[in-house]
Amino acid sequence: MSAPNRSNTNPPSFLLTGIPDLEVFHVWISIPFCVTYIMAVLGNILVLLAVVLDRSLHEPMYCFIAMLAVIDLILSTAVVPKMLGTFWLDSREIGFEACFIQMFFTHTSTAAESGLLLAMSLDRYVAICHPLRYSTILTSPRAIWAGLLSLARAVGVMIPLMCLLTSLPYCSSRVIPHSYCEHMAVVGLACADAATSHGYSLGMATLLVGTDSALITFSYCMILRAVLRLPSHRARLKALGTCGSHVFIILIFYIGGLLSMYLQMFSHSLAPHVQVLVADSYLTVPPMLNPLVYGIKVKQIQAGICKLLGQLAGPRSSQAA
């Protein structure tokens, strides 16, 4: 009898607030998020197409970059269109099931990206510390399997959390004080003890981020030690430049993620709109920056994008002639 009673108490839909206390500024706030989303979609599609269509980029490092582009497309598209609908059209309603589907894709994407960043750091470690064995240790199929393993790990972590969250009764309110179905904001609407789901989410997030960041730090410590041993100053700069873009993306991802997560959990004295803006920025800014960084810093990706754009412009110019 408990399952039917629980389902009857759940609302058919939730209502998203947007940015609490800043509703009158929603139209203006939406502009940078819209620009960011457009740049993220275009940039990641270009990077993905450049890697897929250019056979010279079918190598492990570029496979990882292409998979990162796919994850960023899913992450931003799961959140931003509905967010913009709330800002522009006051389309605040989101179905009960749709809310948890959005939450699943959002948090699965961030967990998969963490695992993928770890795989990319191990790729750089092998390339710099064991260059002669690189082609035998890391191949494109193994890179794809590493990406799939990161995705499987993320899904495996999220399924139990979704089961815990959907089993809770939500009868205290329909209003989510957020721009999307953020985990802690939704849990706050439950009218039952959510300590189990709260403990699971905090524990798994800390475990995943802690393990991945520790292994990434170890990889780059070994890389730095190997680079400093190189006899040529030019070789050292080249090796550091190869890893610089990856380090920048790692810092943006982990610092933003940790800040967003812990502000949501331990922010009793912080203004609600600050929490929401930090969380929204974390899900929209990195997907925009990743293709920009790789398009600028990685010359092969840059050349692939230019080649792709040239191929797209070629037929049009010939038709015009």
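Cβ atoms here come from the backbone N, Cα and C positions, even for glycine.
Source: prediction; values computed, not measured.
Annotated features in TrEMBL:
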{"type": "DOMAIN", "residues": "43-294", "note": "domain 'G-protein coupled receptors family 1 profile'"}
{"type": "TRANSMEM", "residues": "25-53", "note": "transmembrane segment"}
{"type": "TRANSMEM", "residues": "60-80", "note": "transmembrane segment"}
{"type": "TRANSMEM", "residues": "100-122", "note": "transmembrane segment"}
{"type": "TRANSMEM", "residues": "143-168", "note": "transmembrane segment"}
{"type": "TRANSMEM", "residues": "207-228", "note": "transmembrane segment"}
{"type": "TRANSMEM", "residues": "240-263", "note": "transmembrane segment"}
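Sequence-distant contacts of the transmembrane segment (25-53) (same chain, six or more residues past either end, CB-CB distance under 8 Å): 18-19, 62-63, 65-66, 69-70, 72-73, 76-77, 80-81, 83-84, 86-88, 280, 284-285, 287-288, 290-292, 294-295, 301, 304-305, 307-309.
Against the transmembrane segment (240-263), stretch 100-122 has more CB pairs under 8 A than any other of 60-80, 100-122, 143-168, 207-228.
Along the domain 'G-protein coupled receptors family 1 profile' (43-294), the predicted structure has mean pLDDT 86.
Most Cβ pairs under 8 A with the transmembrane segment (207-228) among the ranges 60-80, 100-122, 143-168 are made by 100-122.
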